[in-house]
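Following: one structure in structure tokens, then a few remarks.
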Amino acid sequence: MSEELWVEKYRPRSLDEIVDQEEIVKRLKEFVKNKNMPHLLFAGPPGTGKTTAALALAHDLYGESWRDNTLELNASDERGIDVIRSRIKDYARTLPIGDVPFKLVILDEADNMTGDAQQALRRTMELFSRNTRFILIANYASKIIEPIQSRCAVFRFQPLPKGDAFQRLRWIAQQEGITVDDGALEAIWEESQGDLRKAINTLQAASAISRNVTEEVVYAALGRVKPKEVREMIESALKGNLLEARDKLRLLLYNYGLSGVDIIRFIHREVLSQKSVRLDDATLAELLVLVGETNYRIVEGSDDEIQLMALLSKLALVSKKAAKG
């Protein structure tokens, strides 16, 4: 098995290779065709292809000379004003190589930049707009100051649909000569929650354990419990079997080593999916408020077991009240 990270090995190199995001790809291809584009802001959840789209755009614009015409920076590592005033300015001052009349600056995780750094970036964008275009990549567009947003065409990336994600994972598995069954794909999807990068990393980690990737192998690679075990705890609470629910909770906390926050996330997901029990809207809303309050108390430093046991007790009461209805 290759030691290369699969997320890099199978990263699309051109816009034609990008899975999903059809409307975005269509508009980006127009920029390539016209060799002209505004500043861009790519926003959306992690693992939805924002960085991949930016690099593919650079490949398609500049061909073999894309590296000479593209500056990549990660704002999480280089957040200060000094970077904006030195590296970007020095790079933006030089002319592009080739027949495209501008160079690219790709600034990943731009929503992690300080307010002062964003103001400095805004001035730099204005000063060098004649021969430089900026692609800002952010999980949250709302964290980018309005003066920058107004200077950019905003593209909002959506998580890859489940079917497309499965197709991509099966294709990668085929390229690597491994097998992956449907249960494994479901487990990977459950863990990644639409983040394709995380899904591919999980598949690679599982393949290091076995060339035949199953659900069991995936959870072994993750070092996580199956959602089924959390679901059983919730079902016990909803049925009023609190001692049984407590035993299952302790198993998750002390045998599997899950944190209270991890378990809360599982519970939140299960309540929303309603796989454990069907709930009317009012009951669902009440349970979600309880989950949120418990999460807050745990994050603030309260005892995990006490808070989670209190939540399970409240789940039992809410379920009983709903049944009487």
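Just so it is clear, glycine is given a Cβ too, placed from its N, Cα and C backbone atoms.
Marked as ATP binding site by Swiss-Prot: Gly44, Pro45, Pro46, Gly47, Thr48, Gly49, Lys50, Thr51.
Taking Cβ-Cβ distances under 8 Å and a sequence gap of 6 or more within the same chain, the neighbours of Gly44 (ATP binding site) are Lys50, Asn139, Arg156, Phe157, Gln158, Pro159.
Comparing local CB density within 10 A for the binding-site residues Thr48, Thr51, the maximum falls on Thr48. In the three-state DSSP reading, Lys50 (ATP binding site) counts as helix. For the binding-site residues Pro46, Gly47, the ranking by surrounding Cβ atoms (within 10 Å, all protein chains) places Gly47 first. Around Pro45 (ATP binding site), the same-chain residues at least 6 positions away in sequence with a Cβ under 8 Å from its Cβ are Asn139, Phe157, Pro159, Gly194, Asp195. In the structure as shown, the Cβ atom of Lys50 (ATP binding site) sits within 10 Å of 27 other Cβ atoms.
Close to the recorded ATP site, the chain also has Phe42, Asn139, Phe157, Pro159, Asp195, Leu196, Arg197: residues not among Gly44, Pro45, Pro46, Gly47, Thr48, Gly49, Lys50, Thr51 whose Cβ is within 8 Å of the site's Cβ mean position. In three-state terms derived from DSSP, Gly44 (ATP binding site) belongs to neither a helical nor a strand segment and is classed as coil. With a cut-off of 8 Å between CB atoms and residues at least 6 apart in sequence, the same chain places Ile18, Val19, Asp20, Gln21, Phe157, Leu160, Leu196 near Gly49 (ATP binding site), listed in sequence order.
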